[in-house]
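> Quick one: structure below, then a few questions.
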Amino acid sequence: MADNLVIVESPAKAKTIEKYLGKKYKVIASMGHVRDLPRSQMGVDTEDNYEPKYITIRGKGPVVKELKKHAKKAKNVFLASDPDREGEAIAWHLSKILELEDSKENRVVFNEITKDAVKESFKNPREIEMNLVDAQQARRILDRLVGYNISPVLWKKVKKGLSAGRVQSVALRLVIDRENEIRNFKPEEYWTIEGEFRYKKSKFNAKFLHYKNKPFKLKTKKDVEKITAALDGDQFEITNVTKKEKTRNPANPFTTSTLQQEAARKLNFKARKTMMVAQQLYEGIDLKKQGTIGLITYMRTDSTRISDTAKVEAKQYITDKYGESYTSKRKASGKQGDQDAHEAIRPSSTMRTPDDMKSFLTKDQYRLYKLIWERFVASQMAPAILDTVSLDITQGDIKFRANGQTIKFKGFMTLYVETKDDSDSEKENKLPKLEQGDKVTATQIEPAQHYTQPPPRYTEARLVKTLEELKIGRPSTYAPTIDTIQKRNYVKLESKRFVPTELGEIVHEQVKEYFPEIIDVEFTVNMETLLDKIAEGDITWRKVIDGFFSSFKQDVERAEEEMEKIEIKDEPAGEDCEICGSPMVIKMGRYGKFMACSNFPDCRNTKAIVKSIGVKCPKCNDGDVVERKSKKNRVFYGCSKYPECDFISWDKPIGRDCPKCNQYLVENKKGKTTQVICSNCDYKEAAQK
């Protein structure tokens, strides 16, 4: 039996660490939290200074029994849960269950799961930091008080299964506020004039800028006609040439929030998927002869700090690969409000390149690792240098301007460009070499009518970014928050953008009227600040809870008395039940909308809502191909005669047969491109627009 017992959260992490520590250490997993507040009751005694009642989580009995058995036999027990508040709380709960000494230096933390980092952490064990535990306890108790007080009111007055919470209610508010902006938006007409100009054999474009040396707004067609009427022929003169050198710095390495945003934009990953794959990379990948190694640092962080060791290694890689001129000379600065002493998300070793790791990784693991690796290495590279040119092109009182840009030195852009910045403005726009006084010819003057557009709906990436900018919640809360408002059917995704549902708007209105603090951004931000102060030891968690609950309790009492019951009418489905003849209605279930008999519970008939795509089933030639959704909300295509016909396709059949093998053709989408391919052979053709 090993003298030392080490407890971590997951089997994958346990497996990796045990290989590093050797035979004197036994590493086992707690499988996450082992204690929590009970689900069947509040679990917080508001009459006894908010004392929490912790119980062993249902189903964790065998795990706890196993932990106690090993702890009894070990000389030393080390708690090696994750290096954040949640991990500190897990360590504390384990310490209580195993009856370890409070003052024992048995807590070990490491930011990356590599041999050196793990061994070093065991040389410096410390006591459990109760300030961090208390900050996590305060968050948990706050969320319990909010959820278990508001939810029953919503169940009683609106509909069963609803919920509200400090972060999810603010996230829902953001989506609804944006929708109201869009509804209330009044488009305004405006015009632009673009000119195409020729100098010798070169052509370039410029936009109308000034009339009589002043900006002139083109609000109507009359304004445009005033400008075009003032033009005299096609000859223009270059009246000013401005040349500048512009430096562009690389983005910082990833935090949790920026990783979720960039993975959504570049890889089309949902926040939850990003965190799941990142956890796999952090906990350890089997590299065969090299053993199991954690490929990235801890993925729940809002710090952009980088260790000196990592900087040195990155500089060495960049120098060897690109040359000395590509290494960064600037000093990276941390972000205000970084939680604890974490690092940014980075590869545990720059020398483990994505290409070298590809054969050991799944497709998703490789794509995310490549993104993290490239972003980090680019952050340690030299800035890009751009040459910009601005030309003023004048005829009389009318001035056009052309802007051009060329890359003089690519620097970090050799490796990586952040998606949000990868726009038209960054693309090289070469202008002919012109000097003041040169003459150019206008080959085309093109007015165009436009209308102002409403603000766009939130994508998942933009919602995460906004939550972070407003300091709502923590990096670890973004993914579950977005998950919750979708599962509750408060919002739905349309073209990858969030739209509030009728139910979401009803719930929001009730919470807004009776629990205004819960959806108040400033209140939520202040609460996060107080949680930080608890972690720093500046205030007690009980004082923070009491400051909130004393007024919140009155809001709950008022809501119970005054909130009116809301009837959410079922939407008619437009057809009758084939069993009893009663009208069918649209219901919302766990996996979306479905049809149910209005005569429930006497008749329990239900049907999936299907949408015909106007194509006959290629298998039975009798049914129609209909669009369906899987339990994971992924669209697929099946036969309307199911279960008699079991035809299924992830790609959309188009109603034509392959000219090579006579099997059915499908529409296949990859990223932004769509093509028609054969479901059987290698035939393909361009999709018709």
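Glycine too: its Cβ is placed from the backbone N, Cα and C atoms.
The annotation active site, O-(5'-phospho-DNA)-tyrosine intermediate is assigned in Swiss-Prot to Tyr298. Look at Swiss-Prot and you will find Glu9, Asp82 tagged as Mg(2+) binding site. Positions annotated as domain 'Toprim' by Swiss-Prot: 3-113. The region 'Interaction with DNA' annotation in Swiss-Prot covers 163-168. Taken from Swiss-Prot, the feature region 'Disordered' applies to 328-356. Annotated site 'Interaction with DNA' per Swiss-Prot: His33, Arg139, Arg140, Asp143, Tyr148, Trp155, Arg300, Arg488, in sequence order. Here Swiss-Prot flags 577-603, 617-645, 658-681 as zinc finger.
How buried are the listed features, and what sits near them?
Cβ neighbour count for Tyr298 (active site, O-(5'-phospho-DNA)-tyrosine intermediate): 24 (other Cβ atoms within 10 Å of its Cβ, all protein chains included).
In the three-state DSSP scheme, Asp82 (Mg(2+) binding site) is classed as coil. Within 10 Å of the C-beta atom of Asp82 (Mg(2+) binding site) sit 24 other C-beta atoms, taking all shown protein chains into account.
When DSSP labels each residue, the domain 'Toprim' (3-113) comes out as 37 helix, 24 strand, 50 coil, counted as helix, strand and coil in that order.
Confidence for the region 'Interaction with DNA' (163-168), expressed as mean pLDDT, is 92.
Cβ neighbours of His33 (site 'Interaction with DNA') (same chain, under 8 Å, six or more residues apart in sequence): Ile57, Ala89, Ile90, His93.
According to DSSP, Arg139 (site 'Interaction with DNA') is assigned to a helical segment.
Taking the Cβ of Arg140 (site 'Interaction with DNA') as reference, residues of its chain lying under 8 Å away and at least six apart in sequence are, in sequence order, Asp36, Leu37, Pro52, Ala89.
Residues within less than 8 Å, Cβ to Cβ, of Asp143 (site 'Interaction with DNA') and separated from it by at least 6 positions along the same chain comprise Gly165, Arg166.
Here the Cβ of Tyr148 (site 'Interaction with DNA') has 16 other Cβ atoms within 10 Å, regardless of which shown protein chain they belong to.
Here Trp155 (site 'Interaction with DNA') comes close to Gly161, Leu162: these same-chain residues lie at least six apart in sequence, with C-beta atoms under 8 angstroms from its C-beta.
In the three-state DSSP assignment, the secondary structure recorded for Arg300 (site 'Interaction with DNA') is coil.
Long-range neighbours of Arg488 (site 'Interaction with DNA') (same chain, six or more residues apart, CB within less than 8 Å of its CB): Gly161, Leu162, Ser163, Leu503, Gly504, Val507.
Counting only same-chain residues 6+ beyond the ends of the zinc finger (617-645), those with a CB under 8 A from a CB of the stretch are 591-592, 608, 610-611, 651-653, 657, 663-664.
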> Based on Cα distances to Tyr298 (active site, O-(5'-phospho-DNA)-tyrosine intermediate), point out the closest of the recorded positions Glu9, Asp82, Arg139, Tyr148.
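If we rank Glu9, Asp82, Arg139, Tyr148 by Cα distance to Tyr298 (active site, O-(5'-phospho-DNA)-tyrosine intermediate), first place goes to Asp82.
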> How does the zinc finger (617-645) divide up by DSSP, counting helix, then strand, then coil residues?
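For that range the per-state counts are 0 helix, 11 strand, 18 coil.
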> Using a 10 Å cut-off, grab the number of neighbouring Cβ atoms around the Cβ of Glu9 (Mg(2+) binding site), all chains included.
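Within a 10 Å radius of the Cβ of Glu9 (Mg(2+) binding site) lie 23 other Cβ atoms.
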> Going along the chain, which residues six or more apart from Arg139 (site 'Interaction with DNA') have their CB under 8 A from its CB?
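For Arg139 (site 'Interaction with DNA'), the qualifying residues are Arg85, Leu531.
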> What parts of the chain pack near the zinc finger (658-681), using Cβ distances under 8 Å and only residues at least 6 beyond its ends?
618, 649, 651-652, 687-688
> Return one of helix, strand or coil for Arg488 (site 'Interaction with DNA'), based on DSSP.
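Once the DSSP labels are grouped into three classes, Arg488 (site 'Interaction with DNA') ends up as coil.
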> Measuring Cα to Cα, tell me the gap between Tyr148 (site 'Interaction with DNA') and Asp82 (Mg(2+) binding site) in whole angstrom.
28
